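Peer 1: Take a look at this one; I'll ask things after.
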Amino acid sequence: MGKTAYTINGSANNGSARGEQKVRQTDEKMAPQHTEDGKERQEVSTFRRILPQILASTAKNFLLLDLGMAVAFPTIVIPALRGIKNRAPDEFLHFTPQQASWFGSIAYICQPVGSVLSGIILEPLGRKRSMILVNIPHIIGWFMLHFAGSLEEMYTAAILLGLGVGFMEAPIVTYVGEICQPSIRGILTSCAGVAVMLGFFMVYLLGTVTTWRTTAAICASIPIATMIAICFVPETPMWLLSKNRADDALKSLQWLRGWVSPKAVEQEFQEMKRYSLHSAKCAICEKSGATTCQHPPLTEWTKLKELTRKRNLRPFVLVMLFFVFGQLSGLTGMRPYLVQIFQAYGVPLDANWATVSTGLLGLIANIVCMVSIKFVGKRRLAITSMTVTALSCISLSIYAFNTFPPGWTSFDNHPGTSHVTSLGYIPMVLFFMLAFFTSVGVLPVPWILLSEVFPFRNRSLACGITAALHYVMSFVTTKTYFNLESAFSLPGVILFYGVMGLIGLGFVYFFLPETEKRTLEDIELYFSDNKRKLTDIYIPRRNRDEEMVAVVSKLAEKQGMEKQGIDNAVFTEGDK
C-alpha cells in the first residue's frame, strides 16, 4: 500500500484521485475503511507492512556478507604468504610481489564474466533461483582455499569466488529494487553496504586471530546458510508478472506487504500490472502509443540494441563514471596491501589491528549511510564523502613526501626505521578517515543507484553489464597498484588517487541527480526525457503532483465544476 512505484499514467480522474487519497489516509491514520461491498477492514500496521521487506532484504544480504568476505580475503592472505604478518609455522606456500598482485586482483577480472552471465540468465531463471545457485561456486572456492596445496589451486579458488561475486550482482540489485516501497527503498538498499563491510570486518578480524586457512573454512558456512535463508523469501512480483504468472505475483505482493489479503494490495497490484505491460512494449509500439504490442518478444541481440537508447545510456554513463571515480578514490587499489602500507607509514597501531579498524569503521560508516540516506539524500552523501576522501589522500601524500626517503614503497624492505616519527598517529587518523568516508558514500551510493536508474525492461541486462565493467575497473585498479607504486613511489600513487577524487567530486556535483524519495517511474521518466540537459539534475516527484491534483479536483467537485484532468505533457513526452 502507500505511494506506489508502479503508476504509469500521467493523468487522473476523480475516482482514481479519490482512491489514491483514500489509500494515503489509510496508511497515515491506520483507520478502518469501507470497501465497495460495505465490509469494514482494518489495515495492517506500518511495522507489519515493512517487516517482510526487511526479512527478504536480510536474506539477500547474506549473499553480500559472503561477497565482502571474498573481496577482503586477499588482504589477510598476502601478508601471511609474503612473510610480513601472521605466517603459520607449517605454511609452505609463498608469494612474490608479482604473485601477490595477481592473487589480489585475479578475482576482479573474472567477476565481469559472472556479471554478464547473470544479466543474461537472470530473466529466465528469476531473481530468487539465481540468488540460490550463485552460492555453489563460493562453497567450492572456500573449501579449495582451505585445502590449497599449490598457488595454482589458490588462483583457481580466487577465480571461482570472482565468478560468484560477479554473478550475484544483478540478482541482488534487481531484487531489492523490485520488492521495496519507495519510502524505504533507499534504506534497505543501503543495507547492502553494511553487509559487505561486515564481511570485510569479519575476515580482517579472523585473519588477525587465526590462520587464513581456518578463516576460509569459517567463510564456507556463509553461502550454505544463504541458500537456506533465500528459500523462505518470495520471488519479485514484477518478474512473476513479466512471466504471465499473475496469481503468483499477487501472492508475492501480499507476502511483501505484511501477509495481507488480496484486497489490501489491489490498488498497488493493478498499477504494477499496468507498469509491467508498459515495460513489455517494444520501442515501436511505445512511440506510436499503441495500447497492446503484437511484435515478437525481444531477443538478446534486440535487448543489447535497446541499451543504446538514451534512456539507458544516460544512467549507464552516470553510474559507470561514479564507479570509476570511486575505484580511483584510493582505498580499493590499496586494500589488498593495507597491512604493508600501514607498516610503511609507521602507524603506532599494529598493522593487522589497524586493518581490522578500517573494516570496523567501514561497517559503522555503512550503518551511518543506511540511517541517514533517507534524510540527507544520496547526492549530499556522495559530495561529502568524495570531498573528504580526496582531501585525506592528498594529506597522506603530503605527509609521506615530507617524511619518507625518496622512492619509498611498501613492497621494499628498507633497513632501519628512520622514516618512523612520533607523528605516526597523523597518517593513521587520515587512513581511518579515508576508510570511513569511502564507505559512507563513495562505494555504496553507485550500487544503490544501480538498482533504481535503469528501466525495468532492460534492468537485469543493464545491471549485469554495468557491474561487469565496474569489476574490470576494479581489476585494473588493483592489478596496477604495484606498478604505480613502483613507478611513482607510495606518496606519489596516493597523490594520484587524491587528484582523481577531486575530479570525481566535480562530476558528482554537476551531474548526479537526487533519486531519494522518487519512485522508479519518476526516475525512469527523468532519464527518458531527451530534451533534458545533463546538468538539469532535478527529478520531479509525480506523487506530489498527484496529491495537489486530488485536492484541486475535490474543490472543483464541490463547486459543481467539471473535472478537466491534468496536463502531464512533460512525462508523456519524455516517455516517448
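Each Cβ is built from the backbone N, Cα and C atoms, and glycine gets one as well.
Please treat TrEMBL annotations as automatic predictions, because they have not gone through curation.
So TrEMBL says this about it:
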type	residues	note
REGION	1-42	region 'Disordered'
COMPBIAS	1-16	compositional bias 'Polar residues'
COMPBIAS	19-42	compositional bias 'Basic and acidic residues'
DOMAIN	54-516	domain 'Major facilitator superfamily (MFS) profile'
TRANSMEM	62-81	transmembrane segment
TRANSMEM	101-122	transmembrane segment
TRANSMEM	131-148	transmembrane segment
TRANSMEM	154-175	transmembrane segment
TRANSMEM	187-206	transmembrane segment
TRANSMEM	212-233	transmembrane segment
TRANSMEM	313-331	transmembrane segment
TRANSMEM	351-369	transmembrane segment
TRANSMEM	381-402	transmembrane segment
TRANSMEM	422-449	transmembrane segment
TRANSMEM	461-482	transmembrane segment
TRANSMEM	494-512	transmembrane segment
Peer 1: Between the transmembrane segment (381-402) and the transmembrane segment (494-512), are there at least three Cβ pairs closer than 8 Å, leaving out pairs fewer than 6 positions apart?
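Peer 2: These two segments touch.
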Peer 1: At a C-beta cut-off of under 8 Å, are there same-chain residues at least 6 beyond the transmembrane segment (351-369) that contact it? List them, or none.
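Peer 2: 72, 75, 79, 84-86, 190, 193-194, 196-198, 200-205, 207-208, 338-340, 342-343, 381, 428, 431-432, 435-441, 444-445.
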Peer 1: Under 8 Å for C-beta pairs, could you tell me which stretch among 101-122, 154-175, 313-331, 422-449, 494-512 has the largest tally with the transmembrane segment (187-206)?
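Peer 2: Between the stretches 101-122, 154-175, 313-331, 422-449, 494-512, 422-449 has the largest tally.
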Peer 1: To what whole number does the mean pLDDT across the domain 'Major facilitator superfamily (MFS) profile' (54-516) round?
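Peer 2: Average per-residue pLDDT within the domain 'Major facilitator superfamily (MFS) profile' (54-516): 85.
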Peer 1: So are the transmembrane segment (101-122) and the transmembrane segment (313-331) touching or not, going by 3+ C-beta pairs under 8 A with a sequence gap of 6 or more?
Peer 2: no
Peer 1: For the transmembrane segment (131-148) and the transmembrane segment (212-233), check the count of CB pairs under 8 Å (sequence separation 6 or more) and say whether it reaches 3 or more.
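Peer 2: In this chain the transmembrane segment (131-148) contacts the transmembrane segment (212-233) - 3 or more Cβ pairs sit under 8 Å.
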Peer 1: Other than its close neighbours in sequence, what residues sit by the transmembrane segment (422-449), given a CB gap under 8 Å and a spacing of at least six beyond its ends?
Peer 2: 173, 186, 189-190, 192-193, 197, 315, 318-319, 322-323, 325-326, 329-332, 342, 345-349, 354, 357-359, 361-366, 368-369, 373, 378, 381-386, 388-389, 392-393, 395-396, 399-400, 403, 470, 515
Peer 1: Are there 3 or more C-beta pairs under 8 Å linking the transmembrane segment (154-175) with the transmembrane segment (313-331), counting only pairs at least 6 apart in sequence?
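Peer 2: Contact between the transmembrane segment (154-175) and the transmembrane segment (313-331): absent, because fewer than 3 Cβ pairs are under 8 Å.
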Peer 1: Hey, does the transmembrane segment (494-512) touch the transmembrane segment (154-175), meaning at least 3 C-beta pairs closer than 8 angstroms, sequence gap 6 or more?
Peer 2: no
